[in-house]
Amino acid sequence: MKGARLFVLLSSLWSGGIGLNNSKHSWTIPEDGNSQKTMPSASVPPNKIQSLQILPTTRVMSAEIATTPEARTSEDSLLKSTLPPSETSAPAEGVRNQTLTSTEKAEGVVKLQNLTLPTNASIKFNPGAESVVLSNSTLKFLQSFARKSNEQATSLNTVGGTGGIGGVGGTGGVGNRAPRETYLSRGDSSSSQRTDYQKSNFETTRGKNWCAYVHTRLSPTVILDNQVTYVPGGKGPCGWTGGSCPQRSQKISNPVYRMQHKIVTSLDWRCCPGYSGPKCQLRAQEQQSLIHTNQAESHTAVGRGVAEQQQQQGCGDPEVMQKMTDQVNYQAMKLTLLQKKIDNISLTVNDVRNTYSSLEGKVSEDKSREFQSLLKGLKSKSINVLIRDIVREQFKIFQNDMQETVAQLFKTVSSLSEDLESTRQIIQKVNESVVSIAAQQKFVLVQENRPTLTDIVELRNHIVNVRQEMTLTCEKPIKELEVKQTHLEGALEQEHSRSILYYESLNKTLSKLKEVHEQLLSTEQVSDQKNAPAAESVSNNVTEYMSTLHENIKKQSLMMLQMFEDLHIQESKINNLTVSLEMEKESLRGECEDMLSKCRNDFKFQLKDTEENLHVLNQTLAEVLFPMDNKMDKMSEQLNDLTYDMEILQPLLEQGASLRQTMTYEQPKEAIVIRKKIENLTSAVNSLNFIIKELTKRHNLLRNEVQGRDDALERRINEYALEMEDGLNKTMTIINNAIDFIQDNYALKETLSTIKDNSEIHHKCTSDMETILTFIPQFHRLNDSIQTLVNDNQRYNFVLQVAKTLAGIPRDEKLNQSNFQKMYQMFNETTSQVRKYQQNMSHLEEKLLLTTKISKNFETRLQDIESKVTQTLIPYYISVKKGSVVTNERDQALQLQVLNSRFKALEAKSIHLSINFFSLNKTLHEVLTMCHNASTSVSELNATIPKWIKHSLPDIQLLQKGLTEFVEPIIQIKTQAALSNLTCCIDRSLPGSLANVVKSQKQVKSLPKKINALKKPTVNLTTVLIGRTQRNTDNIIYPEEYSSCSRHPCQNGGTCINGRTSFTCACRHPFTGDNCTIKLVEENALAPDFSKGSYRYAPMVAFFASHTYGMTIPGPILFNNLDVNYGASYTPRTGKFRIPYLGVYVFKYTIESFSAHISGFLVVDGIDKLAFESENINSEIHCDRVLTGDALLELNYGQEVWLRLAKGTIPAKFPPVTTFSGYLLYRT
């Protein structure tokens, strides 16, 4: 018994300590890949067998499965114990034995990997090749796919029907699957299935949900080349008497076979990321997530309820309940199988114990001589060795079985524990959701009954703030409008007063006429009474007078009619004036808007120019003044030393004649020291002058080097852009994988169910779901109302203010609400931009103040130096005057002369330095004046431009294009200046950074090895290297000497590609390098299979340009009018199209000409690729003709394509006729 216990303990320790961490399972299948393995399911009787066809190559990984007689039993037991009930074929459902299609085959492979992978296992694929280690994340990822495949087996059966191997069931299954699963289940599908799928896709129109993917693959082909050699033949008899006979040679052709890889590409339309289904629609999960995120933004409590609603949506669905019950039954089946296995293990342990006890009994009973003789025979070495080997083999077999069983036990127990924890969490979430839903119902009822005070207060505050802002912003324009209104009212009052005066004068004249008429009548009556007898004589006079009166009255009536007409004319003029005023107001507003936009643009350009100029000034000051500062500090230190020495010497010189004899011996030493210091000062000043000269020289050299550096910078920027693009593509794939993984896990959480079936909870869930669904539209309405309130608040407040201000204005002069809104928007924009411009101007003023402060500091330093020099000179002169009586007067005089001369030289140099600083200040002031002049000239230009536009309205399009061409060289000059400053800064920072880099490289020598060890990919690196060499062949540094592929430089089967100045080799596995001579890996390593190909996203590259100007000089045709430029690869300034990707491009061009003879070329990198020509042979008469052409070229990254006119002219025409277009067909 003790031995049995030790045996069991050893086996358990072995399986627990080693089997869990280093258990390796290897499965193989015959290389045909078509052998079918029959596997009985858990719930099916033994006569019902389901056949699974396992493919050797899938989209995920190519895994060859090898079965050994030792592993088949364990594998069969695993498959029997772990097949879920969704894969079983029950006779009641009527499901037939059918072979899976291509999509189902891929799922079968994933299922096998999921069911048989341990927790931390390293699985060997492709025996004889490298072993691929799978991490926990990839295992979980595959497990999620296996669980999804179990769920979707039922959907495949329902959609596909009872289809067999054909493509009906496969397409149906693919239609209902996620995009990630369709990508995995592609595999090596049948041709019929693919053709059907493509036909259904390409018949429909392409929208934004579809993306083009290019399928590329390398196919090796054999090329036959005939190598011709000429062999001289024998000399025959010569028939000529004089001269030499010709030699005859024989032609021999030898066939030479070569391998060449051709790139085979095909275009395929697929759903973009985030879309799925046959019509590439948005996923349901993403739509729900969008809805829930919009709801969550409105209110936090509402968002929480919606999120919990999303988790509990499946509580009332019968399908979800059925899935949950199926999974519970499946877990119960697993538990029963585990119990059976534990019973079997206990039985085997009991059998071992019984055999051990029987052996002990036999040994105790049989103590005879025969048994002892047998024991003596058994004590020989050979028998002992045999017994040991047998025991070891049996022990190993038993140990392996125990490891497998214990690993399975751990796996099942861990899965059960995970399921139990997940169900517990779900129950907790359900309870929390029920409680939160009840609380939310109360909260929603409270919210519906009463509006929140906080929102109302916020709205009031917001309205008050908006009113204040409106009053601040609209005071000036409203005052101006009021002034105009008062002016117009005064003009109208004047016109009314004039009309009133006119009417009064008319009334007065009419009254006077009536009075005159009455007087005449009275005089006539009196004359009739007095002169009755003389009536006959007067009657003739009266008739004449009456006729004249009638004529006068007619004339006056005509005058009155004319006056009324004049009044009507004046009224119509007043109306016309009001209408014209309104029109002028509208025109003035439009002009003001245009002028404001132009002023903004001009101000922006001026600010940019001033900023660039200030940057240049700051850099020049930093380059010139900072080293001068260091030199001046050194000068001040040396002068301080001089003053200190002179102070030490001063008491010695002031002493009496007793010390003069000793001083005579010490004076030469001190003079030598002073001379050395003065020499140092002169050398420092000379070095300063030399540094200034070198700075000027370097500045000139840098100006010359800027043009060369521009091209290098552009190339580097393009290379970095490509690398960033590749990195972004990789990160997008990683993000898509992560999103798919999260979505898969989210789907798994929905499929989990509780162990206990509580009917009351389900009824509550349904009722709560109905209540929540009733609340959702109300929440939507609330969100919409709040958004409309927030968005339209400013507009309504503005309308109210405008209505108040316009209440007293007459109806004729009221302005429209739209005009006020436009004015309000314009004033808001102008105020914000003015604030920005004020900030920028304040920054500029601060910088100018800093420069002035720096110059003042330098001036003060120079004055300090001059004062120090004078202080050092004064005591020395005084001491010399006191002690100039005694001997050695000549020596002292000589020394004084020397010192005076040197100090004078120092003074002259300091004066020279001050002059240099003065010249620097002059240059600074000149630069500032230049900036001001430039700004004034630009403002004058801006003022004159609208006048020119008014005068040249028919040619306004040509004028705009001319302006763009005028502005572009100025911008280029500015950019060149900025680039020159950049290069200066880089050159200055390089020597300091190189030393730091060398130090950091010494410290980080050990780091790259560790990083490379961590970053070992599971795939061969040669595939990546080959792809990079095919794409970015322009990144290689080309030599100056041109060498083509005519010499066949690529070795070891590599293919040669001609470039602009050199060639590149696309090497075969496992070689790399410039000539395919460097070997990467061992010979036993497998080559990458390029025949399967790969899918890549096809970028959008297309351009369309036209030519509107006239062209009379031969050269490159500059198409100035650019309509389409996807990819930003065509530059109108040069007329060249730069290739952004390696691939096949299509170009088309049309050229119009009136000349008798026109010709030109389509140029690729300076080489004439195609020619176009047209000539009128009969006569030199000019005629209108249009040339068209197209080309399909395979081009490399960095190459340039343009059109060159060799002979003839192109007329100016608008709309244009001469065009040039091109686009990327597909990448290679």
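Cβ coordinates come from backbone N, Cα and C, glycine included.
Over in Swiss-Prot, the protein carries these features:
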- 1-19: signal peptide (SIGNAL)
- 68-98: region 'Disordered' (REGION)
- 79-89: compositional bias 'Polar residues' (COMPBIAS)
- 157-200: region 'Disordered' (REGION)
- 160-175: compositional bias 'Gly residues' (COMPBIAS)
- 187-200: compositional bias 'Polar residues' (COMPBIAS)
- 207-282: domain 'EMI' (DOMAIN)
- C211-C272: disulfide bond (DISULFID)
- C238-C245: disulfide bond (DISULFID)
- C271-C280: disulfide bond (DISULFID)
- 333-365: coiled coil (COILED)
- 400-430: coiled coil (COILED)
- 503-523: coiled coil (COILED)
- 580-650: coiled coil (COILED)
- 675-726: coiled coil (COILED)
- 819-869: coiled coil (COILED)
- 1041-1077: domain 'EGF-like' (DOMAIN)
- C1045-C1056: disulfide bond (DISULFID)
- C1050-C1065: disulfide bond (DISULFID)
- C1067-C1076: disulfide bond (DISULFID)
- 1096-1228: domain 'C1q' (DOMAIN)
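Cα-Cα distance from C1067 (disulfide bond) to C1045 (disulfide bond): 14 Å (rounded to the nearest whole number). In the three-state DSSP reading, C1067 (disulfide bond) counts as coil.
Listed in sequence order, the disulfide-bonded residues from C211, C271, C272, C280, C1050 having a Cα within 10 Å of the Cα of C1056 (disulfide bond) are C1050.
C1065 (disulfide bond) has C1076 as its nearest neighbour among the disulfide-bonded residues C211, C271, C1045, C1076, going by CA to CA distance. Residue pair C1050 (disulfide bond) / C211 (disulfide bond) shows a Cα separation of 37 Å. Annotation note: C280 (disulfide bond) sits in a coil segment as assigned by DSSP. Taking only the Cα positions, the spacing between C211 (disulfide bond) and C1076 (disulfide bond) is 36 angstrom. Looking just at the coiled coil (503-523), the mean pLDDT is 81. Count of Cβ pairs under 8 Å against the coiled coil (580-650): among 333-365, 400-430, 819-869, the largest is for 819-869.
Listed in sequence order, the residues of the same chain lying 6 or more apart from C1076 (disulfide bond) and placing their CB within less than 8 Å of its CB are C1050, Q1051, N1052, G1053, G1054, C1065, C1067, R1068.
Here the Cα atom of C271 (disulfide bond) is found 41 Å from that of C1045 (disulfide bond).
Listed in sequence order, C1056, I1057, N1058, F1063 are the same-chain residues six or more apart from C1045 (disulfide bond) with CB atoms under 8 A from its CB.
The domain 'C1q' (1096-1228): residue composition by secondary structure is 0 helix, 78 strand, 55 coil, according to DSSP. Counting neighbouring Cβ atoms within 10 Å of each of the disulfide-bonded residues (C280, C1067), the lowest count belongs to C280.
Between the candidate disulfide-bonded residues, C211, C271, C272, C1065, the densest Cβ environment within 10 Å is the one around C1065. Residues in the domain 'EGF-like' (1041-1077) partition by DSSP class (helix H, G, I; strand E, B; coil) as 3 helix, 10 strand, 24 coil. Comparing local CB density within 10 A for the disulfide-bonded residues C1050, C1056, the maximum falls on C1050.
Distance from the CA of C280 (disulfide bond) to the CA of C272 (disulfide bond) is 8 Å. Under DSSP, C271 (disulfide bond) is assigned to a strand (E or B) in the three-state scheme.
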